[in-house]
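*Asks:* Dropping a structure here in C-alpha cells format, bear with me for questions.
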Amino acid sequence: MPTDQVCLGRKRPLPSCPNPLFLQWLTELRDSAKEKGLKTHFVYQKAINSLKKYPLPLKNGKEAKILQNFGDGICKILDERLQKHYRENGSDAAVHLASSKQMEESQKEPSGNFSEHTKLTQKEVRKEKGAKKKREYVPQKRSGGYAVLLTLYRHMQMPGSKGFMFRNELQTEAQPLCEKSFTVPDLGSKYTAWSSVSTLIQKELVVKTHNPARYSLTDQGLSLAEKLDSEETGTRHEDVDSQDGQNVVDLTLEEEDEDEEKESWSSERPAVALPVNQARGLMSESDPMGKSQTSETGRTAMGWHLSPGSYDIVLCVDLCETTGGSSVRKQELVKELQRNSVTFDVRKLNVGDFLWVARERVTPVPGQLRPPVGKELVLDYIIERKRMDDLCGSIIDGRFREQKFRLKRCGLRKPIYLVEECGSAAAHLSIPESTLQQAIVNTQVVDGFFVKRVQDAKESAAYLTIMTRYLQKLYQNCTLLCRSRELEGDGEAESEKMVANLSCSLMAFTEFNYGAIKNKCQTVREVFARQLMQISGVSGDKAAAVLKHYSTVSSLLQAYDKCSSETEKEKLLSSVKYGKLKRNLGPALSRTIYQLYCTRGPLS
C-alpha cells in the first residue's frame, strides 16, 4: 500500500438546503459587503443562518419574509435576482434542484486513484497543520471588554429587549461587572475601562451604529458572550475540552494585542469589585467582597430599579447658577438652600437650571479612597429660572424660544418656569414690561409650562425647598424603574398614575444629560429645524410641522422646483397644519420661508 494513501471513513451526509439559489445569492451579498467594509454583512450572515435552518422550498423572496432576519430589503433583492435568473434561463428554470445534484457529487467517494482535488485538499490540510494556530481573542475576566460583552448579552436575553444599548446606559449596567471605572480614569492617565470597546469593535465582536451611538453584539460577539456568561454563572451550555481535562475558557490574548491591553488597563483607576447578581440573581464565585454593595438595586425587564428606602432625593443646581455674573446674588441662593438644610449638588446641567435626582445609597468600602458611585435617576420635574432682565435679553437674542423648545424635548414631563420679578426693575428694560408679562402668560397658556412667580432669590430658594420636601414625600414609597430616553411616556397623566401605583419609570441622569447637549453632532434634519426657528414667527411646533412634509432643505427645494408659478411656490407651505389646534401655517410665513431659501439676491 502506498505510504501516502489516506483511509477515508464513512461520512454522514449533511442535509441539503432546499433553497440553494437564495443561499448562493445571500452568500455573494455577504462576501461583497465584507470586502467593502460594510457592516451589512452581519445582516446577510444572520439571514443565511435562518435560511439554512428552514426545511421547505421557497417560491420567491416574498415568502422568505416569514423567516427571522429577513426584512423588506433582503426579500426585494432576492426577488430581483430571481427575475433575472428566469430571464436568463427561462421561466421553467429549476430553482430547488441544484442542491441535490451538488449533494450527489459531494457524496461520491473516490476509489483507487485520488483526484487532483483530493491532493490539493491534502496539501492545504498539511499547510494548515504546519502553520501556527491563531489564538482566539477573549477579554480578561472583569475587564472593560468582558463587562461590555456580558452586559450586552444579558440585555438581549431580557423580554422586550431593543437589541442594542446606548453608551451611558451600557456604562451604568456594565460597571458592577468590571474592576475598573468606565468614566473616571486613573490619576495622571486618560484611559478608562471604556477604552476596550474600540478593541471589541476592531475584533468585530461589537457593532456601533446611529447617532447617538448604539452598541450591539455581532454573531461572533454573541457566541463569545454566551461562553463567558456560562463560565460566569457556572452553568455550561457546551463542554470545552482541554489537555488538563478542565472546563476553562482560554483568556489568553493574541500576541499582537497583549501590549495594547496592558497599556490600556495599567492606566485605569482601580474601582470596587461588585458581584454579578443583576441578570441571573446569582453570586459570582470569584467575587472578592462576598456581598453586594447595592443589594437594594434590582433589575427588571426594562433595566435596573431602585427600591423604596434605597435612594435619596437630591436637588441638582446648574453650575451657571453659582458662578459668573453677579456672584453676590448667586451665592445668596446657595446660602439660603444651606440655611434651609436642603441636600443639593452643584453640577453641569445641559438643559434647565434645577432638577431633582433619586440617588442610590451606597456603603463606603474600607480601603477605598472614594465610595462607589451610586446610580441616579432623574425625576420628572425641571426648572428654568428667569430674572426679568435675563428674560428681556433672551427674548432679544432668540434664546427664549429655543430654551422652551429644548425643555419640551428633554424627556422630562413637568417643566417649570421660575420667574423672579425683582420689584420695579422691569420698568427700566429695553422691552416694555407689558411685553415681558405677555411672554410669561404665553409660556403658561400656549406652551403649557407651569409658571411660578417670585420676587427675589430668597423666595426662589424657599420654593426650591418646598419642592424638594414635596418630592421626597411623593416618591418615598415608590419603586423607581430605569427607562431609556426613547421610551418616553405619554405625559403627565401617566406619571401621576405610576406614582399612585407606587412605581415610576425614570431616565438615568447620565443618559438625560447627554441627550440634552446643545452643541452635539446634529443631523441635517435638526440643522434644518434650527434654521427655520431663526425666522421671526416660526415656533418649534411650526418648524416640526414643516419637517413632517419636508425633512431636509433639499426636499423642500425639490418641491419648489415642481411648482409651476411663483405664486404657487409662495403658497406651498401655507396649508401646512401645526399644533394641537391644527391651524394653517399661513401665506405670510410660507412666503418668508420661500424667499429665504429661493431668493438669490438680498431679501426685500
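Cβ coordinates come from backbone N, Cα and C, glycine included.
The shown structure was predicted, so the numbers you read here are calculated from the model rather than taken from an experiment.
Here Swiss-Prot flags 93-138, 227-248, 253-272 as region 'Disordered'. Annotated compositional bias 'Basic and acidic residues' per Swiss-Prot: 116-128, 227-240, in sequence order. What Swiss-Prot lists as compositional bias 'Acidic residues' is 253-262. Among the features that Swiss-Prot reports, domain 'ERCC4' is placed at 314-423. If you look up Swiss-Prot, you'll see Asp318, Glu321, Asp353 marked as active site.
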*Asks:* How does the domain 'ERCC4' (314-423) divide up by DSSP, counting helix, then strand, then coil residues?
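*Replies:* Grouping H, G, I as helix and E, B as strand yields 37 helix, 35 strand, 38 coil.
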*Asks:* Cα of Asp353 (active site) to Cα of Asp318 (active site): how many Å, rounded?
*Replies:* 5
*Asks:* Suppose you look only at the domain 'ERCC4' (314-423); what would the mean pLDDT be?
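*Replies:* Residues in the domain 'ERCC4' (314-423) carry a mean pLDDT of 87 in this prediction.
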*Asks:* How many other Cβ atoms sit within 10 Å of the Cβ of Asp353 (active site)?
*Replies:* 18
*Asks:* If you draw a 10 Å sphere on the Cβ of Asp318 (active site), how many other Cβ atoms land inside?
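*Replies:* Result for Asp318 (active site): 20 other Cβ atoms within 10 Å.
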*Asks:* Taking only same-chain residues 6+ apart in sequence, whose CB is under 8 Å from that of Glu321 (active site), what do you get?
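*Replies:* When sequence neighbours closer than 6 are ignored, Glu321 (active site) has Lys330, Leu333, Asp353, Phe354, Arg385 within Cβ distance under 8 Å.
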